[in-house]
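Undergrad: To start, I am sharing the structure in question, which I have written as structure tokens.
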Amino acid sequence: MGPKTLPQLAGKWQVLCMLSLCCWGWVSGQLRYSVVEESEPGTLVGNVAQDLGLKMTDLLSRRLQLGSEENGRYFSLSLMSGALAVNQKIDRESLCGASTSCLLPVQVVTEHPLELIRVEVEILDLNDNSPSFATPEREMRISESAASGARFPLDSAQDPDVGTNTVSFYTLSPNSHFSLNVKTLKDGKPFPELVLEQQLDREAQARHQLVLTAVDGGTPARSGTTLISVIVLDINDNAPTFQSSVLRVGIPENAPIGTLLLRLNATDPDEGTNGQLDYSFGDHTSEAVRNLFGLDPSSGAIHVLGPIDFEESRFYEIHARARDQGQPAMEGHCVIQVEVGDVNDNAPEVLLASLANPVLESTPVGTVVGLFNVRDRDSGRNGEVSLDISPDLPFQIKPSENHYSLLTSQPLDREATSHYIIELLASDAGSPSLHKHLTIRLNISDVNDNAPRFNQQLYTAYILENRPPGSLLCTVAASDPDTGDNARLTYSVVGNQVQGAPASSFVYVNPEDGRVFAQRTFDYELLQMLQIVVGVRDSGSPPLHANTSLHVFVLDENDNAPAVLHPRPGWEHSAPQRLPRSAPPGSLVTKVTAVDADAGHNAWLSYSLLPQSTAPGLFLVSTHTGEVRTARALLEDDSDTQQVVVLVRDNGDPSLSSTATVLLVLEDEDPEEMPKSSDFLIHPPERSDLTLYLIVALATVSLLSLVTFTFLSAKCLQGNADGDGGGGQCCRRQDSPSPDFYKQSSPNLQVSSDGTLKYMEVTLRPTDSQSHCYRTCFSPASDGSDFTFLRPLSVQQPTALALEPDAIRSRSNTLRERSQQAPPNTDWRFSQAQRPGTSGSQNGDDTGTWPNNQFDTEMLQAMILASASEAADGSSTLGGGAGTMGLSARYGPQFTLQHVPDYRQNVYIPGSNATLTNAAGKRDGKAPAGGNGNKKKSGKKEKK
């Protein structure tokens, strides 16, 4: 071979390798090579490293190697070059037999990283096997009387090669008496027959030698031969013959074993042993047929030996022969074609082709949710199948070409039925009919078609004030009949505002479990009831929601100590109150007035005298009214200056308290001359320029105040005209314009120009959204008092007590001017126990639960005068409301007057010496018939 031949061969190998790689990548994605069987050891199969794209420098580090020892038996892999070569000769027939495809798997392992590559090596068939016959020689005896055209079957040759390398055709050595005829069987294999062309003559030639050659289709072709010796017999020159060379017979499947299929009947005209026949299967009868049928050699009867199944094979072919006993024996051949009849012995089958599972509950009626195929291995009517569905289901079966459809026939509702058990019944048309059941569980998937619903339309929660943030209020619960995300609920506070602030700043709702927590510390004095809207939303698409109301009631705690209004704390060093030494026992000295911002029992106040007083036995204090009276007559040796310390305690648990200190000066005065309100005022010094300036400023401020108050009175009258309050009253509810509230009270004393007390105004700023103003008015012409309720006022931060003229309020536009003592109100009546008595009828013992207030006229006037004097000298203020004369009243949503004595026992009406008694039907502040006195609203109407 020349030097140019090697590069050409190398180039061809490279082209073959590239073609192999392309085919490998396109077909299976794995490395695939082919090699011819019986290749010499060392024959290159392919370069694995090159095909994997590995660099030659990386082969050592990657340690390319075969994955198993079994692979190394036939192949070797070069670590240096990555070439896969044949290790030993491979015999395809021993590995794969007669299979048309022979693939030998090889595993290749690389390291760093560890990879496993599957390589398939196809072993190509090599025509290395020649056709061969079962015996090298065959002796055939043919009578000389054999007719021309007689056919004699010959043995077929066998070739283990496959494809074109197997037996392709036969040839017969030339002979004038015989020729070769080759038939093709159903499996495509050639079948040789020896044909007698002309009659034999034993005398001319007693033996004929024929060579039968079988040639395969390989390149180069291989062949095999057998020697056929034909012996010509002189006698028995008639061979057995059948009525027909092809016999057709039918038998039903599942025929019992032993059933007679056919009785062969061949004839031989010879006599004697030459005419005695033996029957047997021909050489071309398959082993399967021999297992199913049996042939009686003497009678020729064919019986069933095994199970006949139409589905296994509908047709059988039996080759039979009849041989006489002549010398030589003669044979006759026939073919029995057995047709198997179908019996309905196979139940139909239902095959699920497609099923939408689960099915949306919103699926429209008529939607296909499943496809089914049916089949029956039987034939004819035995193979005709119908499919039915169980009744009372919202589904129906619709037949189509080659399949059945499962459709919805009614609307679906998952909340009513979450799944359906569907029974499908397949039946064939055979007799008897066979059936097959198929059970399907069809789930219904949820659609968000149900809104969540709260278990309650209204939830109520209670919480004590001052509880820390995060306190659990209650738990709201909702349910949703949907499932999954459609039933996954999220709770929230619906965006509304409370007192100008978002509701979410007051409470927090756990979005997962609906627990409601306080976001802040609640103050009962600021807020008594909170209305919240809680919403719930599911997680469906689109989401559905629902709302419920939550009322949170804040419960009062005793967190406010009593606030002393009179005497005002810090005024201990102001001008003391004067008390004549001639005052009889039981005389009203002063009155301690206090209020409590709490409610209910926490606001019930009691008064007691502390031992720190100068002379504890000299004075008595009323437990419920705070009135300080003399316990005995004053003596000469009593100290001229008396300090009375009064303890004010509420009824809470634990109770809170405050103290009030009253300074008294004992004076020697004529007991007939009772002090006036003006006597308690300090006389101003002589007028100076400063006084003039003050008068001018007072006039200016008074004018401005008059204009302002006139405007406010007009608005008040407009509100009364709209139906809020009675005709002469100015007491109504008003929302606070500011969210800031104060828990203080500001007393405001208004005096006349002569120094006498005109009226006293106490503005209470409770901690909710309303203000209450209570005014005690004193007529300048009498020692009585007018007690009125003004409408709620929105005032600024309470300041110090105002005695300047600019603090005077005009009542001309809101209340009718009173120029004289008002007559007693006809809607207040005396009870029998309240009729006035003589002086000193008041019992000084305050150990009872509440004072009975049975005062005579003189004692009542003395109390009113003392109250006016206390306010006039600036040493005290009087708390308004129902506790103007000392009773602490709390008007809140949870405070009822049923728990305490009637507050009107401490309210004094001008022109009367008795306490108030409610007349039926007058609690709403309506004008009484025939009366024009001052009117007062019931405590039920005086809510904050």
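Glycine is treated like the rest: Cβ placed from N, Cα and C.
Pulled from Swiss-Prot, these are the listed features:
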type: SIGNAL; residues: 1-29; note: signal peptide
type: TOPO_DOM; residues: 30-693; note: topological domain 'Extracellular'
type: DOMAIN; residues: 30-133; note: domain 'Cadherin 1'
type: DOMAIN; residues: 134-242; note: domain 'Cadherin 2'
type: DOMAIN; residues: 243-350; note: domain 'Cadherin 3'
type: CARBOHYD; residues: ASN265; note: N-linked glycosylation site
type: CARBOHYD; residues: ASN443; note: N-linked glycosylation site
type: CARBOHYD; residues: ASN547; note: N-linked glycosylation site
type: DOMAIN; residues: 571-677; note: domain 'Cadherin 6'
type: TRANSMEM; residues: 694-714; note: transmembrane segment
Undergrad: CB neighbours of ASN547 (N-linked glycosylation site) within 10 A?
TA: 12
Undergrad: Would you count the other CB atoms within 10 A of the CB of ASN265 (N-linked glycosylation site), including those on all shown protein chains?
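TA: ASN265 (N-linked glycosylation site): 13 neighbouring Cβ atoms within 10 Å.
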Undergrad: Distance check, please: Cα of ASN443 (N-linked glycosylation site) against Cα of ASN265 (N-linked glycosylation site), rounded to an integer number of angstrom.
TA: 68
Undergrad: Rounded to a whole number, how many Å is the Cα of ASN265 (N-linked glycosylation site) away from the Cα of ASN547 (N-linked glycosylation site)?
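TA: Roughly 99 Å, rounded to the nearest whole number.
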Undergrad: Run through the domain 'Cadherin 2' (134-242) and tell me, per DSSP, how many residues are helix, strand and coil.
TA: 3 helix, 54 strand, 52 coil
Undergrad: Please report the number of other Cβ atoms within 10 Å of the Cβ of ASN443 (N-linked glycosylation site).
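TA: If we count other Cβ atoms within 10 Å of ASN443 (N-linked glycosylation site), we arrive at 11.
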Undergrad: When secondary structure is assigned with DSSP, how many helix, strand and coil residues does the domain 'Cadherin 1' (30-133) contain?
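TA: Once the DSSP states are binned, the domain 'Cadherin 1' (30-133) shows 23 helix, 38 strand, 43 coil.
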